[in-house]
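In Swiss-Prot this protein carries:
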| type | residues | note |
| --- | --- | --- |
| SITE | Glu188 | site 'Required for function' |
| SITE | Asp260 | site 'Required for function' |
| SITE | Glu286 | site 'Required for function' |
| SITE | Lys288 | site 'Required for function' |
Amino acid sequence: MARSGLDRIDISPQPAKKIARVGGLQHPFVKTDINTINVEHHFIDTLQKTSPNMDCRGMTAGIFIRLSHMYKILTTLESPNDVTYTTPGSTNALFFKTSTQPQEPHPEELASKLTQDDIKRILLTIESETRGQGDNAIWTLLRRNLITASTLKWSVSGPVIPPQWFYHHNTTDTYGDAAAMAFGKTNEPAARAIVEALFIDPADIRTPDHLTPEATTKFFNFDMLNTKSPSLLVGTPRIGTYECGLLIDVRTGLIGASLDVLVCDRDPLTGTLNPHPAETDISFFEIKCRAKYLFDPDDKNNPLGRTYTTLINRPTMANLRDFLYTIKNPCVSFFGPSANPSTREALITDHVEWKRLGFKGGRALTELDAHHLGLNRTISSRVWVFNDPDIQKGTITTIAWATGDTALQIPVFANPRHANFKQIAVQTYVLSGYFPALKLRPFLVTFIGRVRRPHEVGVPLRVDTQAAAIYEYNWPTIPPHCAVPVIAVLTPIEVDVPRVTKILKDTGNNAITSALRSLRWDNLHPAVEEESVDCANGTTSLLRATEKPLL
């Protein structure tokens, strides 16, 4: 199989001037001056030059505007300031399967040349090349001017896209305070290791890459992670086995999503997502690390430490509930059978055994939230509790519940009103555009950890489970800088993909059409002043139509 034009990554800390492999994408996995590229200016310029009435051959203008914009960024990276970040000609090879293209393609030109299969091939290559996410400078560049799954706002009437979304650099998430976000960023590798060791079904992993009779290489994508993994084929050990890059909505080109953990086969040559014919579903996981439960196990005055000790000594559902309910605002919110859940927590329950004194219900549900509440109400979560680590062996194990099982089913499910659910719904929508025939299985992972004791500091902890043995030479490990795992909760989520698809597709297309008409009018009438919304801080000001907001 021929390799794509962008199938290699250089992880050298210094920008590479010499191209190691012909046809390969080269860029350092560090913050560099490529971030100074005026992404916003070019994107708005592309919008201004695009007719709202362009012929898209049954597709939408937004996707071709996005592709034209990405083409400009990638070709700019081929030679900025005499330093090569991507292979000269690789962008044309990716877009047009040729090394030459006379000039930057206009969206209408792309609409006349690219098929739906071409678009998916290009965007799947971009996803593969942007794994590493925040450590990947290209991920950061391409994510600008996108409405992302983690930043899209929702109102009672549905998703809300600001009128001037094209001015907004969507580079940071907006959920939670800075301390909570820092805790999540620090401990996400620990949660990822737990997902790999406990949550991923071995049946999802042991799937052959090559099913065709002419295939000569027979191995499994995830069997030999240090020798034949697609992660190494793209050149960086910092890319995890199930890591996902930037997925751009193939329907509108407006929305982007980067999944925390994606279990899907990849092409062994290019690293692009490539489910084999035997796959019927794709699992992905959104990780949330709960900073508000962080505690010192040796602090006798901390009630979390006391309830944690009780839970470890007597692992029952009642003691688990007591631990979770120890803090003022627990991660599980109770609502009565006749009440509605509030928006406070991502996990909810209406089970009488989980009733909490002083609970407050929420306002009336939107029709979509009520629908998703019905879909998820009968779903249960599974919980794993961890023993204290064995420092001599460098391992950590899960406790056995009274039933003898390592996981406990609890009557807790996802809250459709919470921002985490909305984020996962958007991720599901974006991923479904690439693989419409496959069942998508999203999960919310809740990680709770504790402070390390002095003798535990600096010790990596291998997650010692039977399932983890399939990883052989790359056993899932809690990095030494992470908290010691205490509890992990796995919550399946059911999303009505057709309904969410219609809502988000219509919203995205309307936002694109509105932007095209607005900017085209501004371009033709530069002296007109109008009220403009600064999406960065929500303020309103009068701006000349030819000026951009100061972000």
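Using the three backbone atoms N, Cα and C, a Cβ is placed for every residue, glycine included.
Recorded features from Swiss-Prot, shown on the structure.
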residue: Glu188; record: site 'Required for function'; Cβ within 10 Å: 18
residue: Asp260; record: site 'Required for function'; Cβ within 10 Å: 21
residue: Glu286; record: site 'Required for function'; Cβ within 10 Å: 22
residue: Lys288; record: site 'Required for function'; Cβ within 10 Å: 23
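Asp260 (site 'Required for function') has Glu286 as its nearest neighbour among the recorded sites Glu188, Glu286, Lys288, going by CA to CA distance. DSSP assigns Glu286 (site 'Required for function') to a strand segment in the three-state reduction. Reported as a whole number, the C-alpha separation between Lys288 (site 'Required for function') and Glu188 (site 'Required for function') equals 8 Å. For the pair formed by Glu188 (site 'Required for function') and Glu286 (site 'Required for function'), distance between Cα atoms is given as 10 Å, rounded to the nearest Å.
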